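A.B. asks: Supplied in structure tokens, the structure appears directly below.
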Amino acid sequence: SHAAENQTISGVFILLGFTYLNKLQILLFLVLLVAYLLTLMGNLIIILLIKLNPSLHTPMYFFLVNLSVSEICVTTSVTPQLLVHLLVEEKTISLAGCAAQLNVFNITGLAACCLLAAMAYDRYVAICHPLHYTTIMSGQVCALLACISWLIGISVAIVQTTWLFSLPLCGSNRIPHYFCYIQPLQKMLCIDPWKNVIFGLAVMVLFVMSPFLLIVLSYVRIISTVLKLPSAEGRRKAFSTCSSHLTVVTLLYGTGLLSYLKPTSSSTPESDLLIFLMHTAVTPMMNPIIYTLRNKEVKVAFRNTVGGRRKRSKTN
């Protein structure tokens with residue numbers, strides 16, 4: 001019916017998501033529930049460890065706390081809703097819920113990109129200007145970099161979401177995705193979305209690719225400095241402080257860019273959803289694992305915290 005196609009959407013959206021899995025949705029529910037609980041636990045443990053151990057009160061771990069907060073937010077904005085939808089027939093979300101979800105997803109994504117750039121800068125200063133490290137990376141500078149990261153995320157995302165939802169949406173209220181994502185919503189606009197798309201691309205270049213460029217530049221400088229170090233042990237030590245950060249950058253940017261820049265020709269809706277699942281469910285879970293597996297400092301802090309608690313309870 002042509003009349004129905006032209007009517008504006010009000011009230012609710014239907015998230016089609018993983019409907020095509022039919023009975024297998026229960027299995028996905030169980031897997032995602034475990035992943036979600038592990039993500040919350042892992043990131044909360046990292047935050048607590050860093051807060052409780054003065055040895056971890058360094059710029060790198062300060063940024064890591066911020067990154068863990070962003071991972072908790074991104075997965076919480078999407079996963080609980082998805083878990084409910086995997087169990088019920090009616091996979092609806094209100095317009096306000098949809099806007100909120102898109103907002104939190106974009107805020108945390110943009111903040112994470114900026115935080116990863118701040119972490120790369122921290123590694124650059126530590127390795128290329130070790131004598132001035134404490135003066136350059138002061139507590140105020142770190143707080144400022146973290147604040148700027150969150151402010152960019154919040155202001156850009158709110159402008160983008162508010163603008164998108166102020167425009168009239170037409171046609172079917174079905175979204176072929178498991179959460180409110182910007183691209184399917186842009187396709188629903190009654191007007192030509194080119195201004196909105198251009199704005200999205202500008203955001204991508206300024207706040208996603210620019211931080212990435214800064215990370216690459218930092219590592220070019222880091223690698224050239226490390227290669228000049230006289231001892232193999234010195235080189236290994238310098239690189240080992242970067243390995244966790246590099247792994248997280250690869251993971252976050254890898255899954256993020258994969259879901260955003262996927263080739264339209266080769267992609268199916270199903271494969272797209274799985275790439276996004278990596279981004280919203282798997283990556284946030286990996287962050288704490290990477291930082292605990294690769295870092296002696298974190299392992300030692302963990303042992304001290306757990307061991308220290310035990311000793312104290314014995315003496316009491």
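The backbone N, Cα and C atoms fix where each Cβ goes, glycine too.
The annotation domain 'G-protein coupled receptors family 1 profile' is assigned in TrEMBL to 42-291. Per TrEMBL, transmembrane segment is recorded for 26-49, 61-84, 104-121, 141-165, 197-217, 238-261, 273-293.
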A.B. asks: Do any residues, 6 or more residues outside the transmembrane segment (197-217), come within under 8 Å Cβ-to-Cβ of it, and if so which ones?
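C.D. replies: Sequence-remote neighbours of the transmembrane segment (197-217) are 109-110, 113-114, 116-117, 120-121, 152, 156, 160, 163, 182, 186, 249, 253, 256, 260.
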A.B. asks: Could you tell me what the rest of the chain brings near the transmembrane segment (61-84), counting residues at least six beyond its ends with Cβ under 8 Å?
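C.D. replies: Contacts of the transmembrane segment (61-84) (Cβ under 8 Å, skipping residues fewer than 6 from its ends): 17, 29, 32-33, 35-36, 39-40, 43-44, 46-47, 50-51, 93, 97, 100-101, 104-105, 107-109, 111-112, 115-116, 118-119, 122, 142, 145-146, 149-150, 178-179, 248, 280-281, 283-285, 287-288, 291.
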A.B. asks: Count the CB pairs under 8 A between the transmembrane segment (238-261) and each of 26-49, 104-121, 141-165, then give me the winner.
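C.D. replies: The stretch with the most contacts is 104-121.
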A.B. asks: May I ask which of the stretches 26-49, 104-121, 141-165 has the most CB pairs under 8 A with the transmembrane segment (273-293)?
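C.D. replies: Top-ranked stretch among 26-49, 104-121, 141-165: 26-49.
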A.B. asks: Grab the same-chain neighbours of the transmembrane segment (26-49) for me: Cβ-Cβ under 8 Å, and only residues 6 or more beyond its ends, written as numbers and ranges.
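C.D. replies: Cβ under 8 Å, 6 or more out: 18, 56, 64-65, 68-69, 71-72, 75-76, 79-80, 82-83, 86-87, 277, 281-282, 284-285, 287-289, 291-292, 298, 301-302, 305.
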